[in-house]
2 protein chains.
Amino acid sequence: MSVTAAQGFQAAGIAAGIKENGNPDLALVVNRGPRRAAAGVFTSNRVKAAPVLWSEQVLKGGRVSAVILNSGGANACTGPLGFQDTHATAEKTAEALGEGHSAGEIAVASTGLIGTRLPMDALLPGIDTAVTALSRHGGEKAAIAIKTTDSVHKTAVAEGEGFTVGGMAKGAGMLAPGLATMLVVLTTDADVDARDLDRALRAATRTTFDRVDSDGCMSTNDTVLLLASGASGVTPESGAFAEAVREVCADLARQLIGDAEGASKDIRIEVVGAASEDDAVEVGRSIARNNLLKCAIHGEDPNWGRVLSAIGTTSAVFEPDRLNVAINDVWVCKDGSVGEDRDLVDMRFREVRITADLAAGDASAVVWTNDLTADYVHENSAYSS
Amino acid sequence: MSVTAAQGFQAAGIAAGIKENGNPDLALVVNRGPRRAAAGVFTSNRVKAAPVLWSEQVLKGGRVSAVILNSGGANACTGPLGFQDTHATAEKTAEALGEGHSAGEIAVASTGLIGTRLPMDALLPGIDTAVTALSRHGGEKAAIAIKTTDSVHKTAVAEGEGFTVGGMAKGAGMLAPGLATMLVVLTTDADVDARDLDRALRAATRTTFDRVDSDGCMSTNDTVLLLASGASGVTPESGAFAEAVREVCADLARQLIGDAEGASKDIRIEVVGAASEDDAVEVGRSIARNNLLKCAIHGEDPNWGRVLSAIGTTSAVFEPDRLNVAINDVWVCKDGSVGEDRDLVDMRFREVRITADLAAGDASAVVWTNDLTADYVHENSAYSS
């Protein structure tokens, strides 16, 4: 499972003392080759953490030999000194890994509190420990070491014909499109070059991580990396490879929403009958970000008026008196007005399905979100993240 | 105070039985002239309630003789029958008021639950009762009758040279730009024509009601009306009149935020150093809608990282490493990085001031919001509105 499910990868997760509570906080993923192709997508937030700025540069070369990730500090909004810390982290990782590694091929990712410097006196020695702990079976430990407010670590794997795609993710809040707030490392032993990796990764994230929206808050640190070792010797047909990558991304994205801070309901919003996919996504996101609706779902109240209210704020093609809304398959709103009896809606289960029919075309999209709860408020008013 | 502070107006607020709990739910404001000029601004939500569709038509004529307002039901998403109910309400009001009134000059406003028909068998007889109760001192009662989840009724007044502007507002949640969710009726005895009323009203709402954002949720029923009786015989200089209207709007807008559902903090966000006012407003709204920041403020945590994170999602002109943020006048973020000691920030009081300096120009804007609390969640998960 995780990042070591595919051949050619080693990983480690250790406690370096970055987190004050002594929990694991440093993960290392190493690509042992023979190939070291890589692709990455990053937050579209214009305020980017130092490791994002660094890794974007690294990925331009299309080659990554290792990824070093820390929790316990985002290294965001830390100025030039913060960037130097990221640089030093990559340098130290290359040095500790030894021959064949250079800082320019080491991606760095960080997650945790914004606006504080990382404790480099703990982090740098931790890299030596992590290198010593590297193992063919280290994927789970690496996934555990990148947790922040996550209640569980998240891993996934998909098997293709002769190749494997695996991955790990962290994220529990500040999940919003472009991307959900997260660190994700995917690995594969397929023999695929950087350009094809990039294409498969962008296609996969566009309909998975980009379509989970926990709380509308876009992070400064989002990073999704895909590393290929080529160790299987198999070059899959591009469609099959893309599907395996998408499958792992969808699995991890679903796990992120399932672990969203304070959530008691996972909400699947499907927009159908849209004039275009862009319209469907815009409407889906607008519904996903409506605090009043998210509170209503928490209270198991099939409040379709709040769905219409959210749709009405978009620029999508629709006529108000042709809108239809179903909650858990009961069409409570028909033609923009009262539909089936809302008392027929059974909302006892964790998963809630909202279907919004714009009656304007054939395009559709699915966006995932979760409810808004007092626990979310408590968690995020007490914890500086 | 309220809508009867200006000469030439009568008002009433009564319990018609629209609300099941027997609270006041029907308000009537009548312009006794001699002039009946009027202007209005309405929600920019594309899903508009029947009374909004009706009143938009009425206001096109620039004349309003009376406004009939109900709480206890929004008459939104109620289809053609809901529109007929609004029409019948205007007809009945014209008939009850008698000579000199016609339905085409009666504005209608409704607030409450979306997606249910109004109990016309209670509402229509209530109109007769309201007409009987009309009084030169009825402004307070009218303001009370339009409350939904409001904890207090809201009124304001400004005195100009020889003229008065007064008003009432309701709103406690679903407050978001374009406009905040609200019903507002303003009255003046100034002798001003419909065109000048419109100009003054649009200028005033643009920097007041349009800049309060309680929960990012835009309503289907927002209505702000300004009625002029001309009873003072005074035609004020247009700047002085506009300022009086703005003053009343600002007062009411501040009261709306002060009564936002579940809020424990009122947050004044001032964006300075912007390249344009549009940039300043975009950044202000982005900060105002950041759930994580709103939770942090609730927890009295001066979490400036979440402010930067919100700024980073906008298209405003700025460089990340030149951003400055003050919370209650302590510049906790300088040049995009750690500034003064966050422990210096005193957040014990209800009002919290966030200043975001984009260091990109001279434009500025103020946007008001409130914190996100467990009480907000409870109120909106238990109550269908």
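Yeah, the Cβs are placed from backbone N, Cα and C, and that goes for glycine too.
As recorded in TrEMBL:
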type	residues	note
ACT_SITE	B:Thr181	active site, nucleophile
BINDING	B:Thr148, B:Lys170, B:Thr181, B:Glu261, B:Asn380, B:Ser385	substrate binding site
Could you tell me which of the binding-site residues B:Thr148, B:Lys170, B:Glu261, B:Asn380 sit with their CB under 8 A from some CB of chain A, listed in sequence order (or 'none')? B:Asn380
Spatial neighbours of B:Lys170 (substrate binding site) that are distant in sequence (at least 6 apart) but have CB under 8 A: B:Ser71, B:Thr111, B:Ala143, B:Ile146, B:Lys147, B:Thr148, B:Asp150, B:His153, B:Lys154, B:Met182, B:Leu183, B:Val184
Taking the binding-site residues one at a time (B:Thr148, B:Asn380), which has its Cβ surrounded by the most other Cβ atoms within 10 Å? B:Asn380
What is the number of other Cβ atoms found within 10 Å of the Cβ of B:Glu261 (substrate binding site)? 26
For B:Asn380 (substrate binding site), the three-state class that DSSP assigns: helix
